[in-house]
Amino acid sequence: MAFCGPRTAARLSHSTRALHYTHRSFASPRTLNEVVIASAARTPIGSFQGTLSSLPATKLGSIAIKAAVERAGIPADEVKEVYMGNVLQAGQGQAPSRQATLGAGLAISTPTTTINKVCASGMKSVMLAAQSLMCGHQQVMVAGGMESMSNVPYCMSRGATPYGGVKLEDIIVKDGLTDVYNKFHMGNCAENTAKKLSISREEQDGFAITSYTRSKAAWDSGLIANEIAPVTIAQKGKPDIIVQEDEEYKRVDFSKFPKLKTVFQKDNGTVTAANSSTLNDGAAALVLMTAEAANRLNVTPLARIVAFADAAVDPIDFPIAPAYAIPKLLSEAGLKKEDIAMWEINEAFSVVVLANIKMLDIDPARVNVNGGAVSLGHPIGMSGARIVGHMAHALRKGQFGIAGICNGGGGASAVLIEKL
């Protein structure tokens, strides 16, 4: 065993004091910073193999990020970090969020991280950025989500090619829409929830029709247009195409709703193509900053982030997971459900929203008042960021809004904001 003399001990004591000082100099602030949403922008949502299908998710992400930064009215180099949700990353190349960030014209020195929490990816990006800002690690960040389901490839397992041909798997289904624990489509989980909570097909069809009518009314009134970052698509030898409106909500024939066969459960099933969300392309981005940074940069924020929470349940019960995350929010904020003016619960399936309305006992008239993913579309990496951004635009001053979204594996994320 080694012993040290007085001089060595003195040097060690001095070094210890220096290390202690260094540690303290990098400590988090004693009080958390207030975080505000400076801007929120999104691309239109394109139908599967539709108007936006020529653009990869990273390009759509660049368009959303660039628009959000411009609308915040700040120099691009003020953004110090970017988080972007993206689920179906196969074939996109390294670091999709980095591609989207540099494509938006942000500084080469901007660190980026791609977030995958399945359908909650875009919302989790907002939550993680808010945490970084609250702790004082950064002052200005961009967070959002992006997906181009039209460009997702097929895959083949590595190894010897078997006799009789090869088997290709659809990455949309394999990595995005399959419950890996029960080895079936997420729609089977939706059927399970419908059965448990006695939610009929008629209720789900009725909800879907309401989603379409609300989306159309919101677009007709001009309410959604201020969220949109138009997408320009170059054409060879022809004028460019400018896409500035969601594509999916206009592609509906209500007369077919009661005639459609159920998709996931043939006997006594309730979930159909009409009362489920669709495969889509799009991106959304929000500029988040501390209240101090907003003052310094003369930014008038849209809203402030009050609280956020995650929850997890049995994977088969993923549709009801928001009903476990949302009470955490209300408790943390000291609010009651009656204090919430607007609810955005992502419409992965109509039964998801109906189940959460039932479990939370909330007013359906305040839920998804301008439509949702069943009618607008569900680019899975984008949707969580889209509903937070939509609330930041749609709420009135002083109102509170909650956005919740379920995700595969039995998870959910939720965010509470206040309009400023």
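Yeah, the Cβs are placed from backbone N, Cα and C, and that goes for glycine too.
The transit peptide feature in Swiss-Prot is assigned to 1-33.
Residues annotated as active site, acyl-thioester intermediate in Swiss-Prot: Cys119. Look at Cys119 (active site, acyl-thioester intermediate): DSSP puts it in a strand.
For Tyr212, Arg251, Val252, Asp253, Lys256, Ser277, the entry in Swiss-Prot reads CoA binding site, with the evidence type similarity to another entry. Within 10 Å of the Cβ of Asp253 (CoA binding site) there are 8 other Cβ atoms, across all protein chains. In the three-state DSSP scheme, Asp253 (CoA binding site) falls into the coil class.
Secondary structure at Ala274 (K(+) binding site), as computed by DSSP, is coil. Residues annotated as K(+) binding site in Swiss-Prot, with similarity to another entry given as evidence: Tyr212, Ala273, Ala274, Val374.
In the three-state DSSP assignment, the secondary structure recorded for His378 (site 'Increases nucleophilicity of active site Cys') is coil. Packing around His378 (site 'Increases nucleophilicity of active site Cys') is summarised by its Cβ count: 26 other Cβ atoms lie within 10 angstroms of its Cβ, all protein chains included. Per Swiss-Prot, site 'Increases nucleophilicity of active site Cys' is recorded for His378, and the stated evidence type is similarity to another entry.
Marked as active site, proton donor/acceptor by Swiss-Prot: Cys406. In the three-state DSSP classification, Cys406 (active site, proton donor/acceptor) falls within a strand.
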On a count of neighbouring CB atoms within 10 A, which of the binding-site residues Ala274, Val374 is highest?
Val374
Near Ala273 (K(+) binding site), how many other Cβ atoms are within 10 Å of its Cβ?
15
Cα separation, Val374 (K(+) binding site) to Ser277 (CoA binding site) (Å, whole number):
4
Can you tell me how far the Cα of His378 (site 'Increases nucleophilicity of active site Cys') sits from the Cα of Cys119 (active site, acyl-thioester intermediate), in Å?
9
Cα within 10 Å of Tyr212 (CoA binding site) - qualifying recorded positions among Cys119, Ala273, Val374, Cys406:
Val374
